[in-house]
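J.: This structure is in structure tokens; I'll ask about it shortly.
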């Protein structure tokens, strides 16, 4: 029986595709479970969960493709040539590169993984990881719009964010020397140059790596989206906000909120702006800077790539640096 | 010819993602999830999934020669040994179950439009912000929408102009005081804010509904029933100003109101 199925698998697959295409074109109505009465909040949870995924997936796919390209077309020699020998220069360069590179916080994780795998030092990878989603034209434009066309917050977000990213990657460069990647169980251990293969094969390999990378990352993205949707559905932000009073408390609160909500950095400014009448600007900056660097969704994704210990240390360093720098600059804001 | 079960599962998942996103666009239900301006991205994603599916399919079937040939492992990766092909280890089963989960809930559960119940758990924006107040003493910057609002006798808010009109009313209440206004939205009960008035609001979706938050105006009415409505209402009234801690807040004196059905497009976009 199984043998028969295996022999005819191509035909069966083709038939299934045909049926599903037919279904999509002819049947416009979805078949949904209406018999079982599900609580409204669960349906709202599901809607938010799916919307986070649908929003994130295009950007993750872009990230996965870039990772595939890096995997196949960029060699370790390229990286060695590009990254400055001097550590301070390397930190500065990676943060600047991240600032020029438009990415969101979930799309950038697979890219950084590939870069580090190809020999980019871990602290430079972290610099890139932090500034990529935080500083880019789209984020600046949306922050500018959200805060009533006021350039001040947008500039502060960029400037203070860049400063914090530099601090964090400098600290990382002293703490960690090795690449901190998880031992990969999948297929992606290639060390030698792929240049002896023809271009067509290399393009094929790029796509295949993209597929594998997608499956590597997707499970963590989905778990992260689920947790974030859960928080959004069942935890009232007003309740969280009510906990905080005073600059220290309110900044910590807004940072916690940014972590839990896991909003895309292109959209979080609008949520941040809705707290304007409650909190001082420093706390809002905490929300705007901490969120793109670290949130529930991207913690899960980093766990898929880096060693547990490294992720924990990185989370602590990011949290302390963002909080510390904000408290330090608060008198001038 | 060998059959590689894991690769087959991956191929089917890729196809299902492509089909699922395609279906959302085809039926128009995508507007329940993301801002229409961004639908292009997910359409592209759907096509990319389809391409990935076609790339994945040849990996399902491996000939005996391919299975034993390690020449290309350097570039394609090496996971084609036959002892691996048949079994799907438990760990992978869990992984695929997680990845299939959104497809299952997405295909079989009804979608819900977010409304008042979800809105109270989110940020609510019904007051002007301090920075804007500070320069409202200066002459109003030439603002096309405000000009248009000042010139029209009645303000009628629909889902296109809702967010610009409301934010102008919040920012420049003095200029618009006394104007009659008609708008539609859901009611947030009085205890959702510190001013003890019900709010009429709509959800503003920037990117996807996960970042939706309420934008709305305070209502003032003698009719107590208005504060307890769970459904959508249409309100006719006049813009007035309420003083609170030296801050002037716009408030709508309700003249008449009626319950309506939720519109086709419940969200508004910036």
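Every residue, even glycine, has its Cβ placed from backbone N, Cα and C.
Please treat TrEMBL annotations as automatic predictions, because they have not gone through curation.
Annotations per TrEMBL:
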type	residues	note
DOMAIN	B:9-124	domain 'DUF1980'
DOMAIN	B:143-270	domain 'DUF1980'
TRANSMEM	B:12-34	transmembrane segment
TRANSMEM	B:40-62	transmembrane segment
TRANSMEM	B:93-111	transmembrane segment
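Provide an account of the burial state, proximal residues and distances for the features listed.
T.: When the domain 'DUF1980' (B:143-270) is classified with DSSP, helix, strand and coil residues number 33 helix, 55 strand, 40 coil.
A Cβ distance under 8 Å defines the sequence-distant neighbours of the transmembrane segment (B:12-34), meaning residues of its chain 6+ beyond its ends; these are 42-43, 45-47, 49-50, 52-53, 56, 96, 99-100, 103, 106-107, 111, 113, 205, 207-209, 265, 267.
Residues 9, 13, 16-17, 20, 29, 32-33 of the same chain lie 6+ residues outside the transmembrane segment (B:93-111) yet bring a C-beta within less than 8 angstroms of a C-beta in it.
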J.: How about long-range neighbours of the transmembrane segment (B:40-62): same chain, 6 or more residues beyond its ends, C-beta under 8 Å?
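T.: Contacts with the transmembrane segment (B:40-62): 1-4, 7-8, 10-11, 14-15, 17-18, 21-22, 24-25, 30, 34, 80, 82, 85.
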J.: Mean pLDDT, the domain 'DUF1980' (B:143-270)?
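T.: Overall, the domain 'DUF1980' (B:143-270) comes to a mean pLDDT of 80.
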